[in-house]
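The structure appears right after this line, and notes come after that.
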Amino acid sequence: MQRRELMRLLASAGALPLLAPLARAAAGKDDWQTDFEAAGTRWKTGFATPPGDLPLTRAAVRGRFPDAVAGTLFRIGPAGHDLGGERYHHWFDGDGMVHRFVIDGADVRHQGRYVATPKRVAEVQAGRRLTEAFGTMPPGVEPPTSADSINVANTSVLPLQGEVLALWEGGSATRIDARTLDTLGVKTWRPDLAGMPFSAHPKVDPDGTVWNFGVSSGQGLLALYEIAPEGALRRAAVVPVADMPMVHDFAVTDRHLVFLMPPLVYDTKRKEAGASFLDAHVWRPELGMRALVVDKQNWEKRRMLTLPAGFLFHVGNAWEETTPRGTLIHIDYVRSENADSVFTTNREVMRGRRVKSTDPHLTVVTLNLDTGTATQTTLAQEAEFPRIDPRRVGLRHRQVIHATQIRRDLPGFGAVARTDVESGRSQRFSYGSEAIVEEHVFVPDGAKPGWVLGTVLDFGRQKTVLSCFAADHLAAGPVAQATLPYTLPLGLHGAFVKA
Ligand SMILES: [Fe+2]
């Protein structure tokens, strides 16, 4: 692609609003807030809105957290779900709250702060919603002036060079002070990339290189980023993708970027007709699950392979090998039959209702780059929030840490598991019948088996609990737990930074 053409595409992707402008007439409030308040489910505190920031608070610790996990677990998730008596209609809409759990042996402290995005600051001041969200078009909202005017910074965190970036896939990363959780403003990698989408799932190579992507749905463009370990942008470009789907996560191998693209396709006409960003997407299973493979060194070298239709949010890891059968990319991901979870389950929780959708399962794919064939095997384990040893990103791995044990009557998962994606063997720890598991991360410990660190909403006791497990003895239960004197809203992703 010529540089001039690249600049034109980048400029159009950054300058145009991600979501089509369509002001809606003011209308009366709906019933979602009253439905939520009336719901009798005790788990609904996981979707409640903290009225403000949560000051640094000491947890009650049982046991002692190992030296390898001395440091800070940063987490983030949607937290500002309602404002001015109106409630968002989707879990993913809410204003982001960033958390830090500062861990030092038997001392654990927690702090939570809303990310002071321009959207949150303006809306709190106004006492009502002013712009649309991922899955909700509140009545009377103004058209977005840019992608960042609706950025809620609520999805994941990337520690980079002493700062923490709060990520939201539709727009810029937001810089956060790692010690105070102060919001420092949006991250601009290069002036001409201001406001470009930067996904919530960057991948960090073992050498520290950061790879990421962003989806410009309306423009049908996939932005690619390569960032040096010291935080400077090395390269960025956009590549066109026909029938642009919702892509939330991706994978890297040592030579390729790999995108699994579910057939949930953005339809500009639906957006222009007033749909939310989510509802502008159409399920088109005839497209299958496309697998786009991009050469890391030369982004012009791209291959598209196809798997049976399915939906995913998250990828565990990918790696590749050269064999007599061809160059094979192995990738594991969390597969659902369809996208009902994002359209229904993750909506209805906002009024305190549990609607079950198809169970997501760990699934292992092999892409043969020489023959163009793609095959997959679905494992027995229900799963979400897959994480691996960060030292194995893009390299052969076997162990995936993930949430598991879907409940019929509760949203989410009740157990954390460690599954060997080659043998299918798995061990798990169940938190019991009154707990909802959040993402657990793997923390390395030199050549030792390492640790698993994660949070759970214990709605029986109405507390959020941080647990640490020996990674090779997960089923034996936590070696240490820190119980907060309050519950946190159920969040999405986190990252551990060693002290
Ligand atoms: Fe995610």
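Positions of Cβ are set from backbone N, Cα and C atoms, glycine also.
TrEMBL lists HIS201, HIS248, HIS314, HIS493 with the feature Fe cation binding site. What TrEMBL records for 1-25 is signal peptide.
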**Study point:** Cβ-centroid neighbours of Fe cation site HIS201, HIS248, HIS314, HIS493, 8 Å, sequence order
**Key:** THR155, SER156, SER199, ALA200, ASP249, PHE313, VAL315, LEU492
Study note, to complete from the structure: Close in space but at least six residues away in sequence, with Cβ under 8 Å from that of HIS201 (Fe cation binding site), the same-chain residues are SER156, LEU167, ASN212, HIS248, ASP249, PHE250, HIS314, VAL315
Check your understanding: Can you tell me the three-state DSSP label for HIS493 (Fe cation binding site)?
Key -> strand
Point to revise | Three-class DSSP secondary structure - HIS201 (Fe cation binding site) | key: coil
